[in-house]
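Participant: According to TrEMBL, the feature transmembrane segment maps to B:12-38, B:58-81, B:93-109, B:115-138, B:199-216, B:245-262, B:282-307, B:328-348.
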């Protein structure tokens, strides 16, 4: 389905000196960007570089403070997403806006401007989805669909408007490698029709693979425009980060000690209708070892963390063992007292209270495990501010936490710096067992490499480390053993050196453990 | 055009402190306008409302008597509100505390001992706590909304008191008035200082405020309260139980409201009547917020709100306006406190569409 009315020459979209100020902070500072007809254009940058702000201005969600947007040679002001859609700009957000209880067709109909019958929407959606290799059943309920399928709904929703430009925000962050391959085919099809794609990512490998040109942002400014195919990952990374990123070395983590953390046939039923139940999970982490659990988001990672940390203790006491003692019934502080440390996925409102200063957030995780150091006054449990402040300073220095002021609120730190503090708060205790869920989710490359190195070093020093992560690059950097979680089931562990990305992809799709060969890859 | 509230990047420390004072000033200005509309001279009206009650020793004592229950209740409520438990039923807990504590001087009036008074106070606290235990249980184990249950239980308490004083507890020698017998001297809370009626209830309030302030400021318990109030999930990560916090905060605020109730009855009224509170339990909510949920701030706020009660009475006498003026001032004050706090955290922005989707159509 080629695009009608394509103008012959000139860029499709030209942005000049586009600026967005939040107060005095420039999220986007005089951005220049050109997207031609029929190209896949990458927008590269770390978290907080201004990528999202830029595309929100292009899609009419935010109003620019200054600068100009030229669409097909005409200066435009995009006041709302509806206006953007009318111009021919479609967008697929990183976080989907779908109603789980409704069907695919109903969700699509909700986003359409004007009155169109549901049957017609279903028919059109089904036709488009097959034409672009994104099979979808319009009558399926969203709650029953995988994340990859949900993303297809969003893409089809954008395609129904017959857009000239489609903006995709970090589309592969929720996909298995196989699902990502399929998405890339679709993007190439769109390109062949003369449509343009603005592809936002921080994954260099896929940008090099599918994009024709790239614009790199850092701190709200354009720091480079290039052809990604002639660059190296290292040169792209340098444009993104501004300096070379230290490589993580996992050498010397091969010595294995006793089993420090173990799950024995751990099964947990789902707490809420949309949670995942854990099914018969067995894992062992020895001292000196990093076991990484890969998997697509929403396959039971959070639930596994809750059960292992003791935030939600389980009925079977023997199902979770820390240092070879059953702790399934014990709460999180009892497990901490046995030498375990925990880093949950969500920083704000779970690992830290945003409005509280760092020192309070230190007490949050260690009030019981370090009661001797941090509490006084006998039964009154008076918090010893001097000891807490000293420890906060020590952790901030050890992890190079950059902050404004001595003891600022956790919410004022950047994601990377707060995460360094949260990880450092556990490392400071030298835990025998450390369980980390998504250690570098939404963290800049510099902080991520520092955190990963710290996890590897902890294992080297003789602790057992369990890392739950969606980021395969991260997993290969830190892991000695890798297992994959899918729909609440955990695969057998494999030594990291023996496992290929393709194999992980198959396991992510639901082919776990020894059932290999009998079950097909989950029919997506 | 539409109006948006936009979160401020920085919260002004100066205005956070000034906010209650600005709110009080605005209350006075709008109160003055109200008096003017009623045909009274706003200056003299405001004078007799806010200043006259402070000019004599006896009225200062009245101020302390009225402030005592407000402060006691509000201090308990501040713990509730900080931990995100919305106990709106302090009025009921106040009444039940008064009833429980009055059992001794009303039913066992013949027993006279120095132990009577301390026992009454303990029973008052117990009564208030047990009555608060009902919404606590319903929230902790049935996931019920405590705002509704605690509020509705107020009416249960009020009607129960009404029934008691008209029925089983009515004073046999009281000419059929709906009152209990007056308390024996052993059961009456003594005066604090010789110059007037201020009783020990005021001392209880100040002590409770200081103890709770210490707890919130320095101890792990206070830390637990604020963590659970801001994020239940972070509290769980810290190993704090939000269910136990429901019990703790509700029982504590219930006990303090109950203590306020029995102190008021034993110190000021000295018998039970159908109505023993001019809405202390509800006014204490304003006190708690005007004091910024800080027990020391609550002492000051309690005195201010007590003044509105006295001012209402004074205005009724000297200006001939209804004592409902008190309620108007309390309402104005709460409104301005909350709106000042909102404007400290947010700014108002008027959004004008200069260019809309339909404009775009026309330009095509």
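Note: Cβ is positioned from N, Cα and C throughout, glycine not excepted.
Any idea what these are sitting next to in the structure?
Facilitator: Long-range neighbours of the transmembrane segment (B:115-138) within the same chain, counting only residues 6 or more positions beyond its ends whose Cβ lies under 8 Å from a Cβ of the stretch, are 87, 89, 92-94, 96-105, 144, 146, 149-150, 153, 157, 184, 186-189, 246-247, 250-263, 266.
Long-range Cβ contacts of the transmembrane segment (B:199-216) within its own chain (Cβ-Cβ under 8 Å, at least 6 residues beyond either end) map to 64-65, 67-69, 71-72, 75-76, 78-79, 82, 189-192, 222, 225-226, 256, 259-260, 263-264, 266-268, 294-296, 298-299, 302.
Long-range neighbours of the transmembrane segment (B:245-262) within the same chain, counting only residues 6 or more positions beyond its ends whose Cβ lies under 8 Å from a Cβ of the stretch, are 68-69, 72-73, 75-77, 79-80, 83, 85, 87, 90-91, 93-102, 120-121, 123-133, 135-136, 139-140, 146, 201, 204-205, 208, 224-225, 228, 235, 276-277, 280-281, 284.
A Cβ distance under 8 Å defines the sequence-distant neighbours of the transmembrane segment (B:282-307), meaning residues of its chain 6+ beyond its ends; these are 19-20, 23-24, 50, 53-54, 63-64, 66-71, 73-75, 77-78, 81-82, 88, 90-91, 205-206, 208-210, 212-213, 216, 257, 330, 333-334, 337-338, 341.
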Participant: Near the transmembrane segment (B:58-81), which residues from the same chain, at least 6 beyond its ends, have a CB less than 8 A from one of its CBs?
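Facilitator: Sequence-distant neighbours of the transmembrane segment (B:58-81): 52, 87, 90, 94, 195-199, 201-202, 204-206, 208-209, 212, 216, 225, 229, 249-250, 252-257, 259-261, 263-264, 267-268, 277, 280-281, 283-285, 287-289, 291, 293-295, 298-299, 301-303, 305-307, 309-310.
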